[in-house]
Each structure stands twice: as structure tokens, then as C-alpha cells.
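Per Swiss-Prot, the feature domain 'PPM-type phosphatase' maps to 42-306. Taken from Swiss-Prot, the feature Mn(2+) 1 binding site applies to Asp83, Gly84, supported by similarity to another entry. The Mn(2+) 2 binding site annotation in Swiss-Prot covers Asp83, Asp228, and the record cites similarity to another entry as its basis.
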Amino acid sequence: MFFTVRNLSNRTSQVVNYAYIQYRLLSSTTKTKGLPRLIKAIQGSSKDQLADDHLHMIDDHRYGEDSWFVSSTPKAETMGVADGVGGWRRLGIDSGLFAQELMTNCSEFAEQPQYDGSDPRQLLIDSFDQMKKMSGKVCGSSTACLVTLHRRDCTLHSANLGDSGFMVLRNGKVLHRSDEQLHGFNTPYQLTVAPEPGMDCILCDSPQQAVTSHINVQQGDLVLLATDGLFDNVPESMLVRHLQPLHGETRMEHLQHAVNRLVDMAKTLSLSNTFQSPFALKAKASNMNYGVGGKPDDITVILASVDVPDKD
């Protein structure tokens, strides 16, 4: 008998989903044994998805209009998230497909033998340039955040354009958090390919504008990479409190459990009408009449633990 995830109970489908993620991530890291690595766990939720429609989302690296990728080579570990801008829907354009294509290109460039993870902004530049040159081009807009681990010196490099972002935690405290890039309230910097060359496109930012950083990381550090569906709904203090017990955690199943809970938390708070969410606070600071409550949105989260093997 053939079955799909929709034939299963929600709980069973989650187990299948989590096991599938772990299989994919474990198989991507076997060739880098003995080198510094990122032990990764991934989860997400589309604001429109059915409660049990998980496996498809993982298989095509999409959660609604969000997309993601992870890559592992002997020189570098690379992770990325992209958030397609939903405003294109009124023109019949799926920005989720744009975000997915951008992440696919980033993944392919990250797998090149010469790429060592030291310049994720160039990775973003090359990937976006390739999108613009495609004959059957994919149109839309997306934010993007790339984080790479340069294995040789155990340095984390990043390139962030827009309001997705990442945090690095050490010993239960925030070591680094990326800054948002906004044109105005709820209007992030974004990469755009318009459907027509002459089409007026106000928000056509350049990948060269991505903010970069580099951080020396060590055993046990945690890296949290996510789209704004997480950061707009879960305050930093709650994220830190949730992640504090995971310092030094290298068991993938424990990281997966933690990232599952983060997504569940963000989803619950996004639907709240009473919670004072980070998005509501930003709206108030911008003199917007938003009141209180969360922001229903697609959510994509990658949680990674830095593992530096002992040198024998």
C-alpha cells in the first residue's frame, strides 16, 4: 500500500519528518569526519500549510514562501535561508519559487571545490547573477541570509540582506546577532528579478549591500539561523532561555527536538491576539496602529551546534 504523510496522524508525520531531516543531514556530513563541523537541525512551518503536510516541505526545501539549504564540503559548511516577498502574489508571481531558486543556486555554488566559506556575500552575488541570466527566469523578490563555517580556522562568516538573520550563542549568552536591513517598517532589503525589463521596481537591492561579519567560534557554540517568522514572534530573551540548556549539545535528536519546539512556539505566538510580540513592538516604534499580537508568517529555522573534534 502506498501512503503519503496526509494518511498518517499528525504525531506520526512529525516523527517521519524529523527522521527524514536527520537522515539527510547525517548523510551530508560523513565525508568531513575529523574536521570542525556544524551539527544541524531544521524545521519550519508555512502559515498556510496543513498541520500534517511536512515531508513535501522538507523535500523541496520550502516552507510556504520561505526556502533554505545546507551544504557540507571538506572546506566549508554553508547554511542559508530566504524569505520570498509575498506582495508579488497580486500579480500571480510565486516569490517562494524565487527564494527556492536562489537557495538552490547558493547550494550549487557552495558545493564548488574552490569554495572555502570565507566569502558568503560573493556566493550570494554569484547566485543572484545566475538567476538574472536564466532564459526562463524566475521572477519575484526575496531576502537572504547565508552563514558559513570556514573549517581551517573555525571561523563563522555571514552575509545578510533584509530581515532574516542569525544569532550565535556561547555559554547561554548572545555572542553575536545580525542586524536587520530595512527601507522602512516591514519593508526589508530584497533581491528582485522583475517580470519585465522596464517594469518600475522601487525595491531592487543589490547583493553587494549584504552586511557581512566573521566570528571565531568554538566547541559548543550554537548558531540559530531563521527567517523573520521566528524573530518577529519570539523575543530574544525567550530564544536564549530556550537554547541555554543546549550549550555543547552534539546529539542531533536533541537539537531537532529543540528546533521543533522553537517552530511550535513561534507558530503559537504568531496566532496570538494578546502577546506583545517583537513585531508589535516594532510597529509601535514606527507609529503604526498594529496594537498587540503576533504576525502570522512562514517560519524557517536552522539550529546548528559547533563541534570541534579533539586532535589526536
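Quick reminder: no glycine exception, Cβ is built from N, Cα and C everywhere.
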Here the binding-site residues are Asp83, Asp228; which one has the lowest number of other Cβ atoms no more than 10 Å from its Cβ?
Asp228
Just to confirm: which same-chain residues, 6+ apart in sequence, have a Cβ under 8 Å from the Cβ of Gly84 (Mn(2+) 1 binding site)?
Glu65, Asp66, Ser67, Asp94, Ser95, Gly96, Leu97, Phe98, Ala99, Gln100, Gly140, Ser141, Ser142
C-alpha of Asp228 (Mn(2+) 2 binding site) to C-alpha of Asp83 (Mn(2+) 1 binding site): distance in Å?
8
Arithmetic mean of per-residue pLDDT over the domain 'PPM-type phosphatase' (42-306)
94
